[in-house]
Amino acid sequence: MNTRLTWFNATSLTLGFLFLYVPILLLVVFSFNESRLVTVWAGFSTKWYVEMWNNQGLMDAAWVTIRIGLMTATIATVLGTLGALALNRFTRFPGRTLFSGMIYAPLVMPDVITGLSLLLLFVAMNFARGFWTVLLAHITFSMCYVAVVVQSRLVTFDRSMEEAAQDLGCPPVRTFFKITLPLILPAVVAGWMLALTLSLDDLVISSFVSGPGATTLPMKIYSQVRLGVTPEINAISTILIGIVTAGVIVASLMTRRAEIERKRAERLAAATP
Amino acid sequence: MAKTLGPVKRSFAPWNDPAAKPYIQYQGITKRFGDFVAVKDLDLTIYEREFFALLGPSGCGKTTLMRMLAGFEEPTEGRILLDGQDMAGIPPYRRPTNMMFQSYALFPHMDVTENIAFGLKQDKLPKGEIDARVQEMLKLVKLEPFAKRKPHQMSGGQRQRVALARSLAKRPKVLLLDEPLGALDKKLREETQFELTDLQYELGMTFIIVTHDQEEAMTLADRIAVMDKGKIVQVATPAEIYEEPNTRYVADFIGNINILDAGVTASSADATKLTVPGIPAAIEVSRACPASVGDAAFFAIRPEKMHISLDRPVETTVNALQGEIWDIAYLGDVSIYHVRLDNGSVVKATVTNATRLVERPITWHDKVWLTFARDAGLVLTA
């Protein structure tokens, strides 16, 4: 196989990365722009970050988003993990195929459909739209992602470890917390982070089910942009990008470290007689 | 685990003593998984301090039988008694049995000490006692220097020892071993087999082992149950299983055996005469025949019980087969001669290479005579 970087490969790689990251880079650069005009560079400044901080509407939206994000991630992780366990453990119950299919459905369902159907549900139930409806909607779609992530870990989980724990006198619930959970924890944490990210940047579903007083940050940004892009928006977007990037880097470092640790331990084991 | 002197093998045979109290009793056990019948109406009695082996090919139900005792499966029909107590409905975590798993099932997030202490902690023993017991176990399996290692930092043999120590730590009434030596290489496996028998003798526990390796079962067990398709075909000591198999299946499963189709020509209380089609000599076996005269039967004889010679024996009409050397397998300690008989069937005869021979006296295409004693062979009907 040809593994050298050919002229063709180099070009397509460069173009691909430019296509992906130039817009983001522009956004970051212009968040430090002195000028109010987003397209004209007038020197470095952090004044838009200060301005953003003083923009009460923006800050309120950020606070709502963070609260919804954390609550969504936590509740969706618990529900998604339980769902994954049920699908993994009870392999013979009526409608299992339907269930496992249904857990993947929200992953491919257009946001518009999910949002609209949830809105119809809340209206039918006469549920006042606001913070709680957004939270419920976010839990609904993100728990499927958690279930998928956790389930992929459970597939390779050696169930004889649970049997061994029970055999040694550990009741099932304690076995879950002492053996199963610590071993699937990386997947559960990954699921939590995924749910948090999904909740933080959701716009479409939130727009459908939100009500007065529950404007999330993406909604706020979107509505402000319609009145014209301000450097303030660039500033808050830069912060969001920073948070997400940091999260991704931490997560990949964690898995990389675990992998290196495991490889090192295996070498050690092979070396000892 | 090994001691300077091996233990003297006890004369231990409670199964022959009608007054002996059964320890583990399977009574009319049937286990179905959907349409598949894993165990079929099975009865089995195991005695205290016995080292019992369940032997059979994969899918014969031996593992299911063990898992029912551990409590991981409930029998569909029948009941299991342990020390007189009905085990029905008792969950695995309340049974006085411990199991060593085929995959070892060590907890990867705990070190060796924590793994061994896990079962003791469930019993809420005082910390001092747990520590003492863990130390004792580490010493028993010679893993003291590895107390703080994690399972993935150890070799296969060491992990196997941790699994053994963990399952012994609670001093269970019965230790269940599910193919415990499967993952070890041959040398280590043989060593560990002897250590296991010593250990079982020292601890005085009842051990039940599941294996598909007949050599392992023969080395370890006081008694072996040979299983096939959810049923027990024969339960006996290793020597009995080898010398007196009750069916072709058992004879074939344990060691090597030659089996010839034969017809019964005469039968008495202590002798049976057979003829094999295409063989001029008659075959005499000094034991009662399970079939009647005129019936078809099988004549079975182990390769090492046949004497192979180039010279014509004195008696050629009884227990003498003539043939040609078809193939020779030289294994170092023994040579196996494949002899093609006059009727076309090929039998095997083993010769121990007691002297170092520079040239073999018997070689390919030699005409040879196979002779055997009257008590060497067996008559089987099934």
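Cβ atoms are placed via backbone N, Cα and C, with glycine included.
Keep in mind that TrEMBL annotations are predicted by a computer and have not been checked by a curator.
Residues or ranges marked as domain 'ABC transmembrane type-1' in TrEMBL: A:62-251.
The annotation transmembrane segment is assigned in TrEMBL to A:12-32 (among others). Long-range contacts of the transmembrane segment (A:12-32) within the same chain: residues 38-39, 41, 44-46, 48-49, 231, 234-235, 237-238, 241, each at least 6 residues beyond the stretch ends and with a Cβ under 8 Å from a Cβ of the stretch.
Here TrEMBL flags A:61-87 (among others) as transmembrane segment.
Feature annotation from TrEMBL assigns transmembrane segment to A:99-125 (among others). Listed by sequence, the residues of this chain that lie at least six past the ends of the transmembrane segment (A:99-125) yet keep a Cβ under 8 A from its Cβ atoms are 83, 87, 133, 136-137, 140-141, 144-145, 147-148, 202, 204-209.
The transmembrane segment annotation in TrEMBL covers A:131-155 (among others). Note on the transmembrane segment (A:131-155): residues 64, 67-69, 71-73, 75-77, 79-81, 83-85, 87-88, 103-107, 109, 114-115, 118, 122, 184, 186-188, 190-192, 194-195, 198-199, 202, 205-206, 208-211, 213-214, 216 of its chain, located 6 or more positions outside it, place their CB under 8 angstroms from a CB of the stretch.
Summarising the annotation, TrEMBL assigns transmembrane segment to A:176-200 (among others).
Taken from TrEMBL, the feature transmembrane segment covers A:233-254 (among others).
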